[in-house]
Amino acid sequence: MNRSSYSSQSDNRYSRNPAVLCSFYSKIGACRHGEKCSKKHLKPISSRTILLANLYQNPTLNDDDYGHANGIGSETSQIIDNESVIKNSDTVGTVSQIDDSPHSNSGEVTKDETVETQEVETENSENIAETGDVKIDHNEDQKQIEDVKESDKVESSEEVQQDDKLHKEDTLEKESEDNIKQDENIEDAKLEDTEKDKLPEFTISQSQKDFDQFFQDIFVHISKLGQIRDIAVCENENNHLAGNVYVMFESAEDAYNANLQLNQEWYNGKPVYSDLSPVNDFNDACCEEYRDYHDCQRGAMCNYMHVRLPSSDIEESLYESQAKSYMLKQLEELKKELPGDIRSSSSTNDDETNGNENGISSTMAVLEQLS
């Protein structure tokens, strides 16, 4: 192999196109395809935002008390086979055979003629009688066959009528059952309508109270680990965003420490899964349609955050109390950094009613540092 060809292959090896980053993961910190995504999910090493996956349990998705499934009963159809039994009677007719026996022509023709004629006449009369009997028997057999057929027809017609009656009764029973089911469904629908008319006020207010309590719990606890800048709680219906809680801190150091601590904790009987998130701006990650109208036509197919907000008074009180607590912490830290004489003068001035110039100057210095 030539050195030039080897160098060209090495150049081609290192000049491959870089992996394409997943825009949804970079912008929202979650992707519908997860690890199976064809694009690159670049996890940040340092970030001000952490993701608490599926921490919020949305009652509208998990509680089945307010949803009634319309069950469709399976109807079994029965098919009745009508079989008509036809009796075939085989009649055996009698066949008469007439044997003509030859007579010897002797010299006594005149004597035997009368006897023969009489015998022939008697035989003919007997044969005629036998044929008459045969005809009569044959006619009687035909009549019997016809009678049997007619009786079979009558029986078959009666069976068909009975089957028709049974079928009609079955259809009537099915129709009555269907009518009963329809009436029950109508009653259930009416009950659902009345329940829906009664439930929304309760469910909306109760769910908002529950969410406010949840928001307050996580805000108070996480604010002890670092100063919170913003929180976004997702109420999406898809799996990769449902219940996700995004917490943005004032500093990346606070986010890093909070991430380590939260991964060791439990909430509501379940372990907390925390991770650094690449989300830098919640406004870009939020669904504008859901934010403006609290509704999204894409529903579960939407890959942007459907953020649920707490009550305004609770949110304001939480952020105000956090700001106050961190201001007091900063004051304590500043007091530790002040020189000894200023600290002693500030302590004595707190006891005095009128105060002096040293105390005023120390407080002014603290306020300037805070600003």
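Quick reminder: no glycine exception, Cβ is built from N, Cα and C everywhere.
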The annotated region 'Disordered' range in Swiss-Prot, which must be one of 57-91, 337-371: 337-371
Tertiary contacts of the zinc finger (16-44), as residues 6+ beyond its ends and Cβ separation under 8 Å: 51, 238, 240-241, 244, 246, 275-279, 284-285, 303-305
Contact set, same chain, for the zinc finger (281-309): CB under 8 Å, 6 or more residues outside the stretch: 24, 27-29, 31-32, 56, 211, 230, 232-238, 241, 244, 246, 248, 315
